[in-house]
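First the structure, in the form of structure tokens, and then the observations on it.
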Amino acid sequence: MDTFLAALFSGTSRGAIYALVALGLVIVWRGAGVVNFAQMGQAMFSTYIASTLIMHQYSYWIAFFVALFAGALMGALLDILVMRPLSNKKKSELLSSESMRAAVPVIASLGILGALQSLAGIIWAAEERGFPAPAKQEGFKIAGNVMPFTSFDVFVIATVLFTLFLTTIFFQKTGMGLAMRATALNQEVAKLSGIRTNHTRTLSWAISGAASSLAGLLVTPTSNLSPNTLDLVLIVGFTAAVVGGLDSPIGAVIGGFIVGLVISFVTFYDTPEDVFLSILALLVLVLIVKPRGIFSGKDARRV
Amino acid sequence: MSNSHSSSALKKSLIRTIIFVLLILLVQSRFDAYNQAQLALVLILFIGTLSVTLLTGISGQLSLGQGALMAVGGYSSALMMINLKLSLWVAVPVSIFVSAIAGLLLGITAARLSGPYLAGTTLVIALAIPSLANRFISVLKGDEGLPVDVGYPPTWLSNLLGEITYEQWQLYLALPFAALALFVASNILLARTGRSWRAIRDHESAAALAGVNYSRSKVFAFVISASFAGLAGALYGLRGLVGPSVYPVSLSLTLLTAAILGGIRSIAGAFIGTVIVVFLPDWIELAIGGFEVSEQVSNFLPGLLSSLLLILTVVINPAGVMGAHRHKNK
């Protein structure tokens, strides 16, 4: 029973972070038609910025918000400097073929990932460093028993839920959110009805950048910070997004929790070595049974 | 397809291969031991890059899991050499076959996927496959890996060519395989298979209407590409060790970078890209030789530069180095 509770709690807390990563992927996929494999590279970079600020005696919260802002800025810059010029090249020989149109932005995002990781290595050295948590990482004590649930876990889940709430409000209740949903639905029609699709695209990159930086800030206290640490988080987040449906923000969030729980139960009841194999099995299973993901809409892209 | 057409493709591929082998032999005779080893590495990775060129450039499927297929080739040949005491001349060809089967399984799954779905799934595979080494630790020896090497050159060859250094032997061993890979790839590109792959790449439904069985073609492209990757992986392992650290995810990305830099649709591009990726650290060292640079910078500079080159190529000149050179069968 104790193992079960521990697996459940740790899975929920981890799942919240994967939900955030998956949400970041879904926002850029819907807004710009790109799966951004550089996402956790951006998160790693802004977490390093936060870590450097903390080492220079700034408070955790200043570092926290600077990192979120840096993540958003980086996302916007990547869109303006790399992805927008790329999509203007639709007539080039390489992008003229059906299959490569989807592949080339992926390759560009991998290049960005490599560049960010090498740059972080040059600036901050490759050695791992820790990253502080804003709340205690010791289990709650109930009647003398240490529970497998910490104040930091509560902080993680609360922050993620609050972020999801804000994102939902933004997309459903604001004019800008409406414009972004329209662009995701049909770019040409959105353009014709006066929406500046270039702006909404850049904005979705910025929002996704901030969300993934948040995920980086929340995941590093329990692991360590190095240029490559967040690669695995990206893979897991991608699986979560595909499980829930790349088109569906709600699906991404639920997918995040599903994947978090799967990983946690495999770790507790089996061995950590099987985690990747179980992720792969889950991914392949979903892609074979329901390729559009569990929660994707009817008009999803054919795969 | 007429016979004369395919025989002209054969002839063309044969001429290309002979020129390639002669050039390599000529160049290596002017190299010192270090650069000979580097050139051997180029030949091995060239086979891996060709696997990307065929799969992504010609058939239009983006895979980030070529490193995992290399691991399949490496482990199967190492196991045969260590446990069955087979010679590498038997183990390496059989490992190509084993990788082809892995490619078949992967291709059947992958034929349903496209674009980012395929890229993401193969990336997960690239991570999951090396972790099998720790799952089956009694056979695959976990992180420690399986030590294998190229051994010593046979005496008849040394009698023929005089004394052969270890680096030269690495090179002589990789050369016939690289030549074979070049010959097969060139043939595929020039003949019917390549045409049907290009057709599914450019327009799936049009290709299907023209009578190309596109799911079979996609799976076949995966099988061929996996055979190339497996061969490259087997030779790569023979450099000393087969283990999870030898086939990291970054290996898949290195191959992709090489293929893109040179020109994703061209065999010559695959070779040029591989040369760039392998020799870039040496060139950087030459360029910054006069300056005081910390180890930290010199370690990460090649990665930074090749990533920036990759981004610039994709954004500014997507057709790569060989893009300026337009050929009939693009």
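Glycine is no exception: its Cβ is also placed from the backbone N, Cα and C atoms.
Copied over from TrEMBL:
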type	residues	note
TRANSMEM	A:58-82	transmembrane segment
TRANSMEM	A:103-126	transmembrane segment
TRANSMEM	A:146-171	transmembrane segment
TRANSMEM	A:202-219	transmembrane segment
TRANSMEM	A:250-269	transmembrane segment
TRANSMEM	A:275-295	transmembrane segment
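Outside the transmembrane segment (A:250-269), and at least 6 residues removed from its termini, the chain residues within Cβ reach (under 8 Å) are 3, 6-8, 10-23, 25-26, 164, 236-237, 239-244, 275, 278-279, 282, 293-296. With a threshold of 8 Å between CB atoms, the same-chain residues lying at least 6 positions outside the transmembrane segment (A:58-82) that come near it are 32, 38, 42-43, 45-47, 49-51, 108, 112, 132, 134, 201-203, 205-214, 216-217. Listed by sequence, the residues of this chain that lie at least six past the ends of the transmembrane segment (A:103-126) yet keep a Cβ under 8 A from its Cβ atoms are 33-42, 44-45, 48, 51-52, 78, 82-83, 86-87, 94-95, 226-228.
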